[in-house]
Amino acid sequence: MRCLQNSAKTLPLAFKSALLPLSQRWFCKFSPKPSSLTNIFKVSISTMANTLNGNVIMTSKPQSTYQVVVAATKEMGIGKDGKLPWNLPTDLKFFKDLTLSTSDSAKKNAVVMGRKTWESIPKKYRPLSGRLNVVLSRSSGFDIANTENVVTCSSIDSALDLLAAPPFSLSIEKVFVIGGGDILREALNKPSCEAIHITEIDTSIDCDTFIPTVDTSAYQPWCSSFPICENGLRFSFTTHVRVKSSSAGEASDESDGSKVLQVDWKKFSSVLPKMIFDRHEEYLYLNLVKEIISNGNLKDDRTGTGTLSKFGCQMKFNLRRNFPLLTTKRVFWRGVVEELLWFISGSTNAKVLQEKGIRIWDGNASRAYLDGIGLTEREEGDLGPVYGFQWRHFGAKYTDMHADYTGQGFDQLLDVINKIKNNPDDRRIIMSAWNPSDLKLMALPPCHMFAQFYVANGELSCQMYQRSADMGLGVPFNIASYSLLTCILAHVCDLVPGDFIHVIGDAHVYKNHVRPLQEQLENPPKPFPVLKINPEKKDIDSFVADDFELIGYDPHKKIDMKMAV
């Protein structure tokens with residue numbers, strides 16, 4: 001920035017500013033609209049008057065923060081010969097919508113760019129309308145004195161200082177750094193960078209300008225769009241948010257096996273543009289719960305508790321960047337993992353889970369419950385031919401939870417893996433827990449009953465049908481469980497996770513869950529965590545709980561809800 005040195009060293013800072021000529025007071029060359037000069041002078045005169053009256057003491061510099069907006073290839077290439085080496089109209093529209101979006105209609109955003117980036121914008125489009133354009137240049141020959149809504153500065157720091165102080169702090173809502181290469185290399189991953197909005201281009205493209213990768217020890221994905229194909233390129237929009245001030249230090253280990261980065265969750269709603277904040281996928285769940293509570297059908301149910309119900313619902317989660325473990329309340333991650341591994345093992349013995357401190361099946365495995373449904377000869381803890389048995393021994397005759405069923409029935413899970421590996425275009429990659437001939441032997445007929453898998457673009461996706469969904473207690477578990485299953489199968493089959501589509505028949509809220517769910521609805525979401533799977537394990541039957549590491553799970557507190565049995 002072409003900054004002019006302030007030589008009035010002995011006066012209070014605000015008083016010095018009021019005495020200096022206008023162009024020096026903001027330390028940059030800028031060209032305001034004539035209509036804005038009145039407001040600028042009002043700010044300056046007010047500052048001087050309050051300082052003289054002893055009402056203003058400027059002891060510290062305002063905090064200067066910003067967000068980065070960039071499109072990059074997998075190799076983090078962003079340009080070739082000073083131009084974008086791709087033509088993506090959808091990306092340009094996203095950039096425009098993002099940088100124009102404000103929550104206060106009286107304010108605008110600022111876009112910070114290097115001189116070469118400014119010059120690469122066609123003249124008819126510059127300055128970028130509806131935004132304050134801040135151009136960084138140290139060249140004495142660069143002059144935009146007659147251009148409205150443009151400020152020139154010599155560095156990012158000086159530009160941020162300018163924008164964080166009056167008068168700009170009163171009219172600028174958010175600051176976006178948009179390029180070019182040198183500017184982004186300096187700005188990306190700095191502690192003052194609160195969010196990174198990156199258009200991730202899957203295709204390798206010849207570039208000569210590159211930027212660093214996103215520091216995943218300091219940032220977590222907030223949201224990521226499903227892949228878009230345009231002009232032969234596949235890309236997606238991902239926003240990463242800063243969850244700690246630097247990459248130094250270790251995340252804390254939680255008792256459930258997750259790793260937590262210290263997240264200041266309160267800031268996200270104010271930091272992120274609303275169009276980005278609202279894209280958090282947890283809102284798929286929260287909005288469905290809200291809709292059921294507000295407009296659900298009042299129905300009786302098997303347990304006698306009573307429900308509010310809606311029929312025919314769908315949620316679609318993107319597994320490519322993060323893992324959909326709900327954050328508006330704490331979900332029992334260790335329970336999710338151990339139960340899924342229990343399913344995979346084919347076990348029907350609830351005591352196996354009990355011994356690990358997992359008691360989610362206790363209600364349906366108790367002596368009183370089994371007697372109540374007519375299974376009086378069944379040993380306590382024996383759930384009958386439920387999920388795992390159907391996955392691994394479909395069609396086998398069930399005796400009890402102690403029998404060895406090796407080689408009996410049809411192993412649907414191994415069949416799914418074989419088809420994914422050897423016939424990925426098969427439309428019959430299906431696993432069903434619904435076996436009508438065995439329903440009368442089950443402690444509880446399967447709720448999540450049918451899963452189909454789909455392979456495309458090196459990704460594995462899963463669509464699961466759930467006939468009955470307890471939105472308060474069950475669904476958060478179900479989302480995590482089938483997302484984890486999809487991630488495990490992708491890992492075993494050398495693919496990457498794609499989508500998890502959750503289709504629900506009867507989606508219901510129990511009457512005694514309404515109040516705790518309303519409490520949960522008051523909690524804003526936090527970033528979803530990231531899942532890491534032990535790369536050494538490739539056999540579906542070899543996994544243990546320690547093979548799954550959850551990074552950055554920092555949910556709101558646990559919310560108790562009583563299980564309807």
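Each residue's number is its place along the chain shown, starting with 1.
Including glycine, each Cβ sits where the backbone N, Cα and C put it.
Keep in mind the model is a prediction, meaning the values are calculated, not measured.
According to Swiss-Prot, VAL69, ASP91, ILE178 bind substrate; the candidate from THR199, THR203 that the record adds to this site is THR199.
Among the candidates ASN295, ASN478, the residue that Swiss-Prot annotates alongside ARG302, HIS448, GLN466, ARG467, SER468, ALA469, ASP470, HIS508, VAL509, TYR510 as binding dUMP is ASN478. According to Swiss-Prot, the feature region 'Hinge' maps to residues 245-280, out of the candidate ranges 29-64, 245-280. When other Cβ atoms within 10 Å of the Cβ of VAL69 (substrate binding site) are tallied across all protein chains shown, the result is 21. The substrate site is set by VAL69, ASP91, ILE178, THR199; from the centre of their CB atoms, other residues of the chain with a CB within 8 Å are VAL70, ALA71, PHE94, PHE95, LEU98, HIS197, ILE198.
Mapped onto three states, the DSSP output places THR199 (substrate binding site) in strand. Of all the Cβ atoms in the protein chains shown, 14 others lie within 10 Å of the Cβ of ARG185 (NADP(+) binding site). Of all the recorded positions in the record (ASP91, THR199, CYS447), the one with the smallest CA separation from ALA71 (NADP(+) binding site) is THR199.
According to DSSP, ASP182 (NADP(+) binding site) sits within a helical segment.
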